[in-house]
Amino acid sequence: MPGSASNNCLGPWPKDVGIIAMELYFPSQYVDQAELEQFDGVTAGKYTVGLGQACMGFCSDCEDINSLCLTVVQRLMEKNNLSYDSIGRLEVGTESIIDKSKSVKTVLMQLFEDSGNTDVEGIDTTNACYGGTAALFNAVNWVESSSWDGRYALVVAGDIAVYASGSARPTGGAGAVAMLIGPNAPLAFERGLRGTHMQHAYDFYKPNLMSEYPVVDGKLSIECYLSALDRCYSVYRNKIHAQWQRDDSEKRFSLEDFGFLVFHSPYCKLVQKSLARLMLNDFLNDPCPNTETGPFSGLDAFRDIKPEETYFDRDVEKAFMKASADLFERKTKLSLLISNQNGNMYTPSVYGCLASVIAQHTSSQMAGQRIGVFSYGSGFAATLYSLRVSQDHTPGSALDKLICSMSDLKVRLESRKKVSPAVFSENMKLREETHHLASYIPRGSVEDLFPGTWYLTRVDEKHRREYARRPLDSELPSEPERVRSSTATEHIPSPAKKMPRIPVATSNNDTGVSN
């Protein structure tokens with residue numbers, strides 16, 4: 001397995017630390033956004049064109065943040081034939097808080113019990129949709145630090161995004177991502193290339209701890225997102241220029257230096273606008289842009305504008321969306337598969353976009369590319385960083401295995417069950433009424449879950465939650481696996497063993513960023 005190391009071979013700078021393996025979970029049921037438009041009585045195209053959304057996944061009351069994370073972690077471990085004692089750090093990023101003290105990470109430790117491994121660092125991180133990225137940075141920093149003991153780190157980002165009835169509800173979704181972190185990774189972090197912006201704002205927040213619903217200032221949320229994108233890109237560009245200058249290169253960085261660009265995606269239309277925003281930045285920072293031919297053709301009228309005055313300027317937005325259309329098709333559009341079909345997952349959103357890129361390209365198409373990743377969380381916190389894809393795309397390589405593991409995303413999306421908007425609305429009402437109840441037995445259908453999915457069986461009188469797992473083979477009528485039973489189908493004695501190959505729009509909308 002790439003990333004394995006023994007203590008006697010540890011050096012001060014492990015090479016190519018990054019993402020070795022990924023797993024993605026989304027709900028087995030969804031609502032069609034076009035049907036939801038009709039049900040809500042809004043103009044046709046408001047959700048499908050204005051937001052760019054086709055479907056929205058959602059959870060019944062038998063799934064919560066703990067069950068989502070249990071599912072995605074065990075699936076990653078089983079799929080990659082990993083033993084639980086090969087994990088030395090486990091970080092969770094989430095904003096779906098069901099307990100103000102007990103972390104999701106401690107719930108996940110039940111999966112480790114049979115291995116006897118309790119020496120696992122890390123805990124939960126929370127700041128809206130940015131928590132998953134903060135958890136990922138913590139894991140990478142651990143592997144690159146003197147604290148690293150040679151084992152893998154595991155990062156989990158998961159959330160259930162739900163809203164009160166109204167204009168924000170169609171920007172919901174749910175899901176979880178698990179990422180295995182270590183050295184010699186096929187997706188390696190480019191050292192020193194992170195542009196971060198942190199600032200105080202009440203654009204999206206959850207002050208009512210008895211409710212899953214946020215308070216959203218839609219217009220402010222969009223302004224915060226775009227202003228953070230501007231500043232992160234500026235810092236990132238300055239840092240890569242400094243690196244290049246140390247190498248005696250006077251090259252000027254532009255969006256063309258990214259092979260792919262993925263963004264936190266509250267809804268797909270905002271991502272398209274965000275790429276246009278970065279092109280605006282390139283245009284304004286180019287000392288001599290060619291406005292006669294090429295991508296900046298016809299944009300000379302915008303040469304003297306101030307970026308901070310253009311967040312809601314329709315003329316600027318329209319001009320640069322048109323100018324960046326080819327760039328969007330080549331570098332970003334395919335990243336929106338999960339976002340378009342499942343909706344906003346909050347902390348896993350940007351990593352669902354990354355998984356979508358991986359799932360829809362071959363290893364030879366990915367090899368050597370630089371992937372730009374923009375992560376945003378309201379309140380607000382944001383980072384633009386980059387991953388460098390391994391050059392080795394031979395059959396059986398770490399990159400080939402990663403891509404094979406993601407190749408079933410479309411098939412899994414197509415296997416979901418579509419439900420009516422009325423049923424979706426009833427589920428939202430049930431979640432609203434039962435959230436944080438004690439002495440509660442969920443009413444959702446376990447049979448509708450994907451095989452291998454963990455689910456909530458009961459909440460006792462002291463709010464303690466119990467879980468079971470639907471059997472991997474849906475045809476087996478056996479007793480569901482309980483959370484404290486054996487959870488790993490096969491352990492390997494050492495992380496040094498190799499991982500087996502795994503077969504496998506134009507209108508505007510004023511909905512807030514919703515994150």
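A Cβ is built for glycine as well, from the same backbone N, Cα and C atoms used for every other residue.
The active site, proton donor/acceptor annotation in TrEMBL covers E95, H264. Per TrEMBL, the feature active site, acyl-thioester intermediate maps to C129. What TrEMBL records for S221, K269, K273 is CoA binding site. Marked as compositional bias 'Basic and acidic residues' by TrEMBL: 470-484. According to TrEMBL, the compositional bias 'Polar residues' annotation covers 505-515. Feature annotation from TrEMBL assigns domain 'Hydroxymethylglutaryl-coenzyme A synthase N-terminal' to 13-186. As annotated by TrEMBL, domain 'Hydroxymethylglutaryl-coenzyme A synthase C-terminal' applies to 188-470. Annotated region 'Disordered' per TrEMBL: 470-515, in sequence order.
For the domain 'Hydroxymethylglutaryl-coenzyme A synthase C-terminal' (188-470), the predicted model reports an average pLDDT of 96.
A simple way to gauge crowding: the CB of the residue listed as 'active site, acyl-thioester intermediate' has 34 other CB atoms within 10 angstroms, across all the protein chains here. Around K269 (CoA binding site), taking its Cβ as the centre, 22 other Cβ atoms fall within 10 Å, counting all chains. H264 (active site, proton donor/acceptor) has a Cβ environment of 33 other Cβ atoms inside 10 Å. Residues S221, K269, K273 are listed as the CoA binders, and the farthest two of them sit 15 Å apart at their Cα atoms.
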